[in-house]
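Let me begin by presenting the structure, written as structure tokens, before commenting on it.
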Amino acid sequence: MNQGATFSKAVLIVLRILGALVAVALIGYLNWLVIQGWFGGNGPANLGSIEVSYVTMGRFLVDFGWKTWMPLWYFGFPFHLFYTPLLPVAEWVLNQWQGMPLWEAYRFVTGWGYILAPISVFFLGWALSRRWIGGLVSGILYSVGPTIFYFVLPATPFSEHGEVAADRFFSTFWEPRRFTVLVRWGEGPHTLSLIFLPLVGAFFIWSLRRRNFWLLAVSAFFLMLTALSNALGMMGALLLVGSIAFVYFARRPHEHGQTIHWTLLLVLLGIGLAGFWYNLSFLKNFFAEGGGVVGRYFSLFPWGWLAGIFSLGLMYVVFSKFLKDTGVAAALLWFFGLFTVVYYYYASSPPELFQLRVELLPQALRYMTQVDMALSVLIGTLVGWVMKVLGRRFSLAEIILTGFVSVGLCFSLIYVQPFLDDSSRAASNIVDLSTSREKVIADWLNTHVDSSLGERVFLPGNYDFYLNWFTDIWQHRGGLFQASTHFWPDHIHYQMSQGKDKDLARAWLVVMNAKYAVITGVGSSEIYKEIKNYDRFDDMPIVYDDGGDIIYDTLLVRSSPAKPVREATIQLLKTPEKADDKEAVFAYADWVEKSSLNSADFQMLDHDHYRIAGRVDEGEVLLVQMTADPGWRASDERTGKRVRKGEDPLGFLVLYPEPGEFAITLKHGRTWIEWLGYLTTPATVGFIIWYGTRRKLEVPAFAEATAGKEK
């Protein structure tokens, strides 16, 4: 290479770096202006936000450490299932190392997520369009652009533009939807994942073009971070990767096998790197909610499948014969897929029948911010394509037009000015939890319930969301339903809130071992007011009545979660078909309350360690009203001998001590599935190092043959 060529290459590199810095600075500053009020707050901006769940998870780490069991929620569950960990762990780190209050730490991390996500979109737009201006357009549009769903949904009584437009902070400005879902609804983990999602796609397409395995490994690293932040973000990343791969598949018909190999390698490396958390039990439990979606797809066989195959074939022809710009095609396919998921959800039923809406992916409506991202990238790649076409004939014209567009984009700073005062006010709002009814109820329960004895309560709506931010009291639900390994909590809750039979309500309170039942009456200030048919609880004594909230004493015969019961009856009990299966539920409740006169003392030493002492007669066993789990180990305190364990028809733990007086040590530990997950991550790292350094990688032939030639 001669000196002139070397100098030109160096200048090009410098210009690219400067261009990236300018774009990052502009996009970052623009988003800082919008979200700056979010930082520093120590509390929720909206009492109805789900962010309390994620802050409570951070509290669990701070107060209890890395235990293997969490007894406070859902009758107990293995702690490694509690959530995708990146946000709660970041809160914990900031709290422990910087002394930052947990809620402030949540805002700090998610605020930076809000700022950095459009910067990552800039790099994705640049990578797909192969033009800096394409990336800048993408990043700016995602920063300040309104969601397309403000304009495409049918009118409602609340808004002529549809239900999404009605859920805005400001009537005079079409704010970015991602601002609303973070500040009002608490989509912190999803917001955090959107930093990494675009980088998965950017490095994936760079790895394809440059036949570079290390770029693929970087893409896998960002896929891991996306997965550890939020499962919805991970699904969006997989859709993006699939869109890019499909376009390459269509554009290079002779290298189909290599394209599939490269794509599968990325996915396997990403999941392998996340394997320390995404172990088999986590995958099974966390994605169980997708079972209904999978069943729906199976129900479409054969005609729905044929229509899908035809659609894929049509897109294959379009991308291989007509739409030959890889970036535009990939962005279009990604946008079309995400838009279909969200739009079909809203179109499938009107707002008043939202329960009947159809989800093509779990939690379909939450992909809206990803639709906005994909649309921003699509517009950016189209601008980049225009610049490429223009530049092939008139290079100077491309430079001039790029300059004009860049200057025009700077006016986004002026565009958001009317929004800034309102956005700062909304983002900086802090609900005073110290005077909230949530705290009043939690404080009363905290003085009347002993969590060290395993006493549990029933409470609905926002009161159960906030209970474990304030206290360590056990409850039947919690802040994240995907964490539950017990089948019944949500079914019980629906029956308790919507049912009509008072005997059934009483039976379920016995089943869940609830010492008290909190009922939100007509005058309650609790937001959701889930409870219907209040007369079901009239026979129970009232121990608290204030502000429309009533707390009933359930008069449990034995309030300890450890109860001697008749062993022979277990075989006669039937698993309820539904939560209103009276015969099965009544029989189970009678077995719990009346099948033995013996009692047992239950003591929680820590979340992984319990002591149970009492007496069982011949033919009796010990029911422990916590979720049966493979991680439980029970032993006789005096002899050290293992105590056999089992499971009752509702999924609770059963122990089989010898007849007579007993003292049992009950401990929870890690299972082989967790240990396998811990080994998966270092094994994947080792594979990456070995595969990347053993020799110059023999890259798929399509990359070798077409490097630098892609349109």
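Cβ from N, Cα, C; glycine included.
TrEMBL entries are annotated by machine, without manual review.
Residues 111, 114-116, 118-119, 122-123, 132, 135-136, 139-140, 143-144, 176, 179, 409-410, 412-413, 416, 419-420, 423, 427 of the same chain, all 6+ positions outside the transmembrane segment (12-35), place their C-beta atoms under 8 angstroms from a C-beta of that stretch. Annotation comment: TrEMBL describes 12-35 (among others) as transmembrane segment.
Annotated transmembrane segment per TrEMBL: 72-94 (among others), in sequence order.
What TrEMBL lists as transmembrane segment is 106-126 (among others). Same-chain residues lying 6+ beyond the ends of the transmembrane segment (106-126) with a Cβ under 8 Å from its Cβ atoms: 20, 23-24, 27-28, 30-32, 34-35, 38-41, 51, 54-55, 58, 87, 90-91, 94, 100, 132, 134-140, 142-143, 178-179, 182, 188, 191-199, 201-202, 373, 376-377, 380-381, 384.
Annotation comment: TrEMBL describes 132-153 (among others) as transmembrane segment. Residues of the same chain lying 6 or more positions beyond the ends of the transmembrane segment (132-153) and with a Cβ under 8 Å from any Cβ of it are 16, 19-20, 23, 26-27, 30-31, 34, 117-119, 121-126, 161-165, 168, 174-177, 327, 339, 342-343, 346, 368-369, 371-373, 375-377, 379-381, 383-385, 387, 402, 405-406, 409, 412, 415-416.
The feature transmembrane segment is assigned by TrEMBL to 191-208 (among others).
Taken from TrEMBL, the feature transmembrane segment applies to 220-250 (among others).
Sequence-remote contacts of a segment are chain residues at least 6 beyond its ends whose Cβ falls under 8 Å from one of its Cβ atoms, and for the transmembrane segment (262-280) they are 80, 84-85, 200, 204, 207-208, 216-217, 219-221, 223-224, 227-228, 238, 241-242, 245, 673-674, 676-681, 683-685, 687-688, 700, 703. According to TrEMBL, the transmembrane segment annotation covers 262-280 (among others).
What TrEMBL lists as transmembrane segment is 300-319 (among others).
Residues annotated as transmembrane segment in TrEMBL: 326-347 (among others). Sequence-distant contacts of the transmembrane segment (326-347) (same chain, at least 6 residues past either end, Cβ-Cβ under 8 Å): 127-130, 134, 148-149, 152-153, 162-164, 201, 205, 236, 239-240, 243-244, 246-248, 250-251, 315, 319, 357-361, 364-365, 367-368, 370-371, 374-375, 377-378, 380-382, 384-385, 710-711.
Among the features that TrEMBL reports, transmembrane segment is placed at 367-387 (among others).
Taken from TrEMBL, the feature transmembrane segment covers 399-420 (among others). Same-chain residues lying 6+ beyond the ends of the transmembrane segment (399-420) with a Cβ under 8 Å from its Cβ atoms: 26, 29-30, 33-34, 131-133, 136-137, 140, 143-144, 170, 172-173, 175, 383, 387, 390.
Two recorded stretches are said to be in contact when at least 3 C-beta pairs lie under 8 angstroms, sequence spacing 6 or more; the transmembrane segment (367-387) and the transmembrane segment (72-94) fall short of this definition.
Beyond its flanks by at least six residues, the transmembrane segment (220-250) meets 84-87, 189-190, 192-201, 203-205, 208, 256, 259-260, 262-263, 266-267, 269-274, 277-278, 286-287, 312, 315-316, 319-320, 326, 329-331, 333-334, 337-338, 361, 363, 366-367, 370, 373-374, 688, 702 of its own chain at Cβ-Cβ distances under 8 Å. Nonlocal intrachain contacts for the transmembrane segment (191-208), taken as residues 6+ away from its ends with a CB within less than 8 angstroms of a stretch CB, comprise 86-87, 109-110, 113-114, 116-117, 120-121, 123-124, 126-128, 178, 181-182, 214-216, 218-219, 222-223, 225-226, 229-230, 232-234, 236-237, 240-241, 244, 248, 262, 266, 270, 326-327, 330, 369-370, 373, 377, 703. Residues 246-247, 249-251, 329, 333 of the same chain sit 6 or more residues outside the transmembrane segment (300-319) yet have a Cβ under 8 Å from a Cβ within it.
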